[in-house]
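K.L.:
Let me give you the structure first, and then I'll get to my questions.
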Amino acid sequence: MALSPGELELIRSALGREPTEVEYALFRSHWSEHCSYKSTRMWLRRLPSKAPWVVRGPGTDAPLVEIAEGLYATFKIESHNHPSAVDPYNGAATGVGGIIRDILTVGARPIALLVNLHFGPPSHPHARWIAVNVIRGISDYGNRVGVPVVGGETWFHEDFTYTPIVLATCVGIVEKDGVPPGGAEPGDLIIVAGLGADKSGLGGSAFASKTLSEEAEEDLGAVQVADPLMGKKLIDLVREARSCVKFIKDLGGGGLATALAELAEWFQLGVVAELDKIHMADREMGPAEVLTSETQERMVFVTSPSKLECLERLLEKFEVPYSIVGRFTAEGRVVLKWRGEVVGDLPLSLVAKAPETPWPQEPYAPPPLPHVPEPPIEKAIDAVLSSPNVAFKQAIYERFDFDVGVRTVLKPGEGDAAVLKIYERGNLGLAVKGDANPRFTYLNPRLGAANAFIKAYRNVAVVGGRPLAAVDSINVGSPSRPSAYWQFVEAVEGLREAAEALGVPIVGGKVSLYNEYKGKPVAPTVAVVVLGVVEDVSKVNKAVWKEGDGVYVWGVTKDEVGGSEYLHRVHGLVAGQPPSIDYSVEKELAAVVRKWAGRLTGAKDVGLGGLAAALAKMAAASGIGADIDICKAPSTTARLDYLLFSESNGRFIAAGEEGPGTRVGAAGGDYFTLRCGSTIVYKRKVEELAELMSLKI
């Protein structure tokens with residue numbers, strides 16, 4: 001994507017001349033939407049990011065959150081939507097590789113991956129091809145570098161048939177004294193380590209800053225190629241190199257162009273780079289191509305001349321190719337050389353930030369919720385439970401190695417969030433979960449984004465975690481489309497409101513624009529990943545019950561079926577408003593779960609598919625039936641279908657000898673039975689239920 005006429009004029013005016021080919025390439029990459037956030041950063045600054053436990057927030061490759069004395073967690077989310085649409089395998093694999101390298105930049109050990117995936121209907125051949133290969137790419141890369149994929153979420157929606165939303169989150173831990181010190185001074189060296197530069201991924205950031213067309217093959221060259229073997233070498237290298245370096249940076253989107261510009265800006269120093277010194281896999285490359293190549297599995301290390309030998313020794317030990325490509329200066333300019341000749345000389349003040357570009361906004365009104373007839377309840381329950389969105393996702397996560405690293409306490413499907421043991425601090429654990437609901441954010445972007453936040457918050461709370469911090473990913477269409485830009489702005493406001501109300505700072509995130517196919521934008525998708533601390537992993541809650549347990553519902557069900565799975569699956573409607581949020585109730589819910597820690601057999605959040613889906617999932621996961629009087633659940637609705645399928649917030653199910661909330665029945669036997677008083681409204685064998693709720697892909 002070319003620079004805009006206004007941007008070109010700004011560059012010419014500042015330089016007093018035409019930019020050189022290499023300078024133009026730098027601006028084209030670094031000022032792309034993908035790298036510069038020029039259309040979004042003025043809004044993202046509104047998000048709360050500070051708290052006493054936040055050591056480092058947004059602005060660098062990875063944040064740091066203190067989880068225990070002298071121990072930090074880091075987590076980061078990344079989107080790889082455009083590459084995954086064109087080359088699903090490599091698009092997904094390189095997304096995983098890139099997010100792992102972000103975590104490495106703070107010296108952390110990557111301990112887990114989560115994926116939030118949004119595909120077209122599994123019955124559609126093209127959507128299925130994308131889904132199968134995205135899953136394969138994630139699995140192959142994660143398994144080969146030894147980082148477990150421990151959880152996530154998968155959505156199916158017609159809008160994602162040709163334009164998937166593929167999000168990867170990596171979690172890492174690092175001791176306080178293991179974080180590179182940061183800082184740089186004139187004379188410090190810039191080293192590029194990893195694969196040799198080649199033409200794979202050329203223009204990747206510009207590619208991610210435009211919409212997709214039917215001629216996707218022409219963009220294949222903009223998709224990077226993954227190399228998990230080198231990715232594993234970089235993980236091992238960073239583990240030992242922390243004492244040899246001052247600063248580490250991923251060499252990702254925008255290539256060396258963005259890396260050099262960001263390093264110069266962070267340290268407010270000039271840079272001199274000799275582009276011909278970089279090691280190349282393709283010796284036919286010119287300086288502009290070297291500068292903007294997005295070859296994967298590469299990192300930048302900043303070190304002092306006195307520590308160079310220390311770093312070189314480790315690079316050779318792990319057989320990682322490297323080049324000394326530049327140094328910092330006091331001049332405040334970015335100088336680029338090729339075979340001794342200056343091919344670019346730019347003031348840092350011009351390079352650092354693309355001019356902000358706000359766009360017009362245009363609100364829209366979603367379809368109001370019409371009166372819908374009450375359907376045959378048994379058929380409606382079967383329809384909701386068999387929905388690909390509600391179904392168990394074994395067909396996906398069984399392809400992942402979720403046990404490698406032996407930290408996984410709650411595996412995919414066992415609870416509402418993944419739980420990881422932090423052996424470095426006894427029984428301490430981390431709980432982490434990502435959530436999104438594209439229907440909610442279509443109907444009301446602000447309330448939908450807040451719902452994504454509260455759902456992830458509640459999932460972490462229900463397994464026994466204390467939510468600490470969040471990262472987000474906002475995925476919408478072209479910012480030049482007023483309705484899409486309005487969706488983005490409203491989503492930011494929803495995230496801000498939720499973060500402030502819950503006291504959970506947003507420490508990082510990712511915005512992906514231009515998610516369109518043939519001029520049609522996807523449903524706006526806002527994913528939120530919440531990370532929390534579990535004080536004792538032996539007391540976490542699985543989403544199960546045992547024979548003889550009482551079953552309890554905490555929280556009130558309201559007439560809230562707007563945007564629900566029930567409304568879509570049974571009535572074919574996407575209409576109304578997402579569920580309302582009472583943040584005081586959500587915080588009370590989190591406190592109640594922690595109060596009951598170690599005394600429950602299990603617990604589960606009530607969300608997608610309502611009480612019917614949550615109760616059925618606990619039965620199927622346990623392999624044990626239950627007899628539930630659904631009409632005993634606290635509610636303000638007079639309709640049985642709304643009671644069963646409302647997706648009201650502020651609710652969870654508990655199982656145990658005793659439990660919080662209202663007792664609605666007991667677990668036991670081979671049948672899952674729902675009744676209203678003496679009237680049975682649904683009855684199925686548990687083994688039939690498990691089959692009904694299994695995803696086929």
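Just so you know, glycine gets a Cβ as well, placed from its N, Cα and C.
Note that the structure is a prediction, hence the values are computed from the model and not measured.
Straight out of Swiss-Prot:
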{"type": "ACT_SITE", "residues": "H34", "note": "active site"}
{"type": "ACT_SITE", "residues": "H80", "note": "active site, proton acceptor"}
{"type": "BINDING", "residues": "Y37, K76, D472, G509", "note": "ATP binding site"}
{"type": "BINDING", "residues": "E78", "note": "Mg(2+) 1 binding site"}
{"type": "BINDING", "residues": "S79, H80, N81, H82, R101, Q224, E294, T295, Q296, S512", "note": "substrate binding site"}
{"type": "BINDING", "residues": "D102, D250", "note": "Mg(2+) 2 binding site"}
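Quick one: where do these features end up spatially?
P.N.:
Same-chain residues at least 6 positions away in sequence with a Cβ under 8 Å from that of H80 (active site, proton acceptor) are, in sequence order, G91, A92, T94, G95, G98, V166, L167, A168. DSSP classifies H80 (active site, proton acceptor) as coil under the three-state reduction.
Neighbour count (other Cβ atoms within 10 Å of the Cβ, all protein chains): 29 for D472 (ATP binding site).
Under a cutoff of 8 A between CB atoms, and with a sequence separation of 6+ in the same chain, the neighbours of E78 (Mg(2+) 1 binding site) are G95, G98, I99, D102, L167, A168, T169, S473, K510.
The secondary structure of Q296 (substrate binding site), as reduced to three states from DSSP, is coil rather than helix or strand.
In the shown protein chains, 25 other C-beta atoms lie within 10 A of the C-beta of D102 (Mg(2+) 2 binding site). Look at D102 (Mg(2+) 2 binding site): DSSP puts it in a helix.
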K.L.:
Take the mean position of the Cβ atoms of Y37, K76, D472, G509, the recorded ATP site. Which other residues of that chain put their Cβ within 8 Å of it?
P.N.:
L44, P58, I77, V471, S473, I474, I506, G508, K510, V511
K.L.:
Where among the binding-site residues D250, E294 do you find the Cβ with the fewest other Cβ atoms within 10 Å?
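P.N.:
Sparsest of the binding-site residues D250, E294 by Cβ contacts within 10 Å: D250.
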K.L.:
Measuring CB to CB from K76 (ATP binding site), give everything in the same chain under 8 Å that is also at least six residues away in sequence.
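P.N.:
Looking at Cβ-Cβ distances below 8 Å from K76 (ATP binding site), excluding near sequence neighbours, one finds D61, A62, P63, I99, D102, I103, T169, C170, V471, G508.
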K.L.:
Given that the record lists Y37, K76, D472, G509 as binding ATP, what is the largest C-alpha to C-alpha distance among them, in Å?
P.N.:
17
K.L.:
According to DSSP, folded down to helix, strand and coil, what is H34 (active site)?
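P.N.:
In three-state terms, H34 (active site) counts as helix.
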